[in-house]
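Written out below as C-alpha cells is the structure these notes cover.
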C-alpha cells in the first residue's frame, strides 16, 4: 500500500498551496496584484497542478532549427519512421504487458512481475524514497528533451512556437510546448507527422545516448576510478546481517565469496546466486583438532530433517558434520568455534579434496544448516573474513556496491554510483515515455500521430473525411482502453496486492 506519511505530506502541501491561492484570489486588496504577479511570471495554478510557461527559450529553439537543414531533414524523417513503427510496437508491448499482468493476478509466483517490460511506478511503494531525486530528475530531463524535439521540428515546418513550459502534476514533473494551432492545421499531414513524432524520437535517442554513456562509464572515469579489482561497499543497511564490528563497512573492497572470486557487482550477484543453488561447501581442517564434542548435548534433528548439535543461543559455535576417513560410513557431528575452524582453510566437497592439497591428515567438515541457509565467508582484505550464516539474498539486500574503486583518497565514493543510477533511470523513463506517448490514445502524442498518419495514407482510399475521423476515433478508443487497463491493473498490483 502507499505509505501514509508520504500521502499525508503530499496532500498537505497541495492543500496549503491551493488554500493560499484561494484566499489571495478572493481578497479585495490583493487579488489584482496577485493575478498580475502570476501572469507576469507565466504561472498557472489549479488543484494538484502547477504550470509555468515562458518565451525565453524561443530564440534557442529557432537557432537549433537553422542548424544544417539537410541533416535535420534526414533526422526528422528518421523520427517519422520511428514514430510509426513505435506506434505499432507500443500496442504490441502493452498487449503483452496486459497478458502478463492478468497471468500474474492468478498466480503467486513473484518472479512474473519482474519479467514485465513496463510497470507502473508509485513513489514510496515500488520506488524507494531514497531514489526519488533520481526519478524526478530523469523524468524532467526526459520531458524537456521530448518537448525540445517538438519545438525544433515545428519551427522547421514554419509553425510558430508560442512558448515552452514546465508543470508539476501531484508529484510528477513534466514539460510542454505551446504551438500555434492555425499554422499547425494548414501544413500537410506529413509535416504534421514529423512534428508529432519528434517527441518520441528524441526520447528514444536520449535512451540510447544514456545507455551508451552507461556502457562507456568505466572508460570516462578511468583516470579517477578503476574497475575489476573487486566490489566497493558504498552502503551497509544498519542492523542487517552485514552490519557490526566484524561485518562490512563503507569503503571495504569485497574480493571473494567462498571460492568464488568477485571482480565487480555482477560477480557478487552471480556468486550469491550460485551459492544459493549449490550445496553447502565444506572446509579442510586437521583431523587432530577435530574431536566430537557433546558439551551442548547430542545432535538432534530439526523440523526440515537437518541436524543441529549446538545451542541455539551460541554466537561463536556452529554445528559441523563430517565423514570419518576410516570406519563406518556414517556422519559425525561436532559443535566447534566457527571462526577458528574455517580461518585460512581450503574449501572442499569430500575428504579426498583435502588429501590432494594437504600433507597433514585433514577432514572435510561441512556446516550443518537448514536447507536454504548457507554459511558464507566474505573476503574483504586486509580485514579478516566476514562470516555470514543465513539466506544468501538477505546478504545481497544488506549491502550496496559499486564497480568503481577510487584511485585517489580525496575522490568521493558516490560519484560513480550517482552517474550509474541516474543513467539507468534516464534509460528506463525516457524509453517508457517513448512507448507510452506512441500509443494511439486520447490526449497523448499518439492521438495526433494517428490522425496525421490516417490523413496521409487513407485520403485516396477513404475519400470521406468523416469516415476517416470515425476510423481514427475507434482506433483511439481501443488504444485508450488498452492503456487504461494496463495502468489500472498495474496500480492495483503495486498498491493492493
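A Cβ is built for glycine as well, from the same backbone N, Cα and C atoms used for every other residue.
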The annotated transmembrane segment range in TrEMBL, which must be one of 39-61, 108-130, 200-222: 200-222
Which range of 1-20, 161-180 is transmembrane segment, per TrEMBL: 161-180
Considering the transmembrane segment (132-149), which listed stretch of 161-180, 200-222, 470-494 counts the most C-beta pairs under 8 Å: 161-180
Integer average pLDDT (0 to 100) for the domain 'Peptidase M50' (134-477): 90
Positions whose Cβ lies under 8 angstroms from the transmembrane segment (200-222), at least six residues beyond its ends: 76, 78-80, 82-83, 86, 141-142, 145-146, 148-149, 403-404, 416, 419-420, 423-424, 426-427, 430-431, 433-434, 437-438, 445
Non-local residues, at least 6 beyond the ends, that sit with Cβ under 8 Å of the transmembrane segment (73-95): 117-118, 149, 153, 156, 190, 193-194, 196-198, 200-202, 204, 434-436, 438-440, 446, 449-450, 453, 479, 482-483, 486
